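Chemist: These came from Swiss-Prot, pasted as-is:
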{"type": "BINDING", "residues": "166-173, 191-195, 212-215, 279-282, 308-310", "note": "GTP binding site"}
{"type": "BINDING", "residues": "173, 193", "note": "Mg(2+) binding site"}
{"type": "DOMAIN", "residues": "1-159", "note": "domain 'Obg'"}
{"type": "DOMAIN", "residues": "160-327", "note": "domain 'OBG-type G'"}
């Protein structure tokens, strides 16, 4: 399944049906009177969170959505049928923005949640509505009201309990594949991961959802590399696991590079709880490992965990540290179905 986390969509609710001008024409009824029915109401445009979705890819191929128009009224006091609503299905974690891409309209956080984005127009009154003691045979009726139309942006922020961050090639995808059933692409070159990945992790009988996003590089907040556009997917996480490559030139500088990008992004990431771990400890000599650990400790101002995603050493300890922060009620119950959905491809 292709991954798409942003889409521009045009929506229009249905116009109301027109009211009808009609009169009763029945035998033996000399003054039948008005009998024009009202028009039906136009259909609404509704956004609904669907279980099992984790991408907005459907909106790459169709961008225009229109609800049905209400039917016109008819004689014999027959009201027009209401137009059918149109329902757009989105993944949990989707946000709706106005066309300016800045004004937040709604934020979806629960499966089954619905939001009426555009209401259909009211149907017009038929001439029977205007009958009064002074106007026994009105010959006027109202047209239906037009529906609402607008362009909107759908933006997906995946919901996970914990998020993996780090420079490209820090071993995040290897870690995710080691602790979950997720099968991200793994290779020994930067930017192997091009899209966020989700995995369901079971640690000591506790399940939670872990998100892996493409690696950050210096200047990502200015658009360098893949930029910081994927950071929104870990903005909702309760805790970040920051992996630093022990084989890099300077672990402290590597940590600060990513930390600078997180702070530049701002939002909820600046004060997010962070667990720091030195990865690939199996690939360096003991003396070099001690130097890298000390460098990272000084930069992060905390003692880093030591692990090797490749061999599994230290991985359980890292998972237990995540579980301790996530607490007793992880959001994985909401996000698990999305994490277990069909994986994305590049």
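Cβ atoms are placed via backbone N, Cα and C, with glycine included.
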Chemist: Check each residue in the chain of residue 308 (GTP binding site) that is at least six apart in sequence and keep those whose C-beta is under 8 Å from its C-beta; list them in sequence order.
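Modeler: Non-local contacts for residue 308 (GTP binding site): 279, 280, 281, 282, 283, 314, 315.
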Chemist: How long is the line from the C-alpha of residue 195 (GTP binding site) to the C-alpha of residue 173 (Mg(2+) binding site), rounded to the nearest angstrom?
Modeler: 11
Chemist: Taking DSSP three-state, what's residue 172 (GTP binding site) in: helix, strand or coil?
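Modeler: The three-state answer is helix.
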Chemist: Look at each of the binding-site residues, 172, 280, and point out the one with the fewest other Cβ atoms around it within 10 Å.
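Modeler: 280, out of the binding-site residues 172, 280, has the fewest neighbouring Cβ atoms within 10 Å.
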Chemist: Suppose we draw a 10 Å sphere around the Cβ of residue 166 (GTP binding site). How many other Cβ atoms does it contain, all chains included?
Modeler: 26
Chemist: I'd like to know which of the binding-site residues 173, 195 has the most other Cβ atoms within 10 Å of its Cβ.
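Modeler: Neighbour-count leader: 173.
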Chemist: Which has the fewest other CB atoms in a 10 Å radius around its CB: 169, 214, the listed binding-site residues?
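Modeler: Result for the binding-site residues 169, 214: minimum number of other Cβ atoms within 10 Å at 169.
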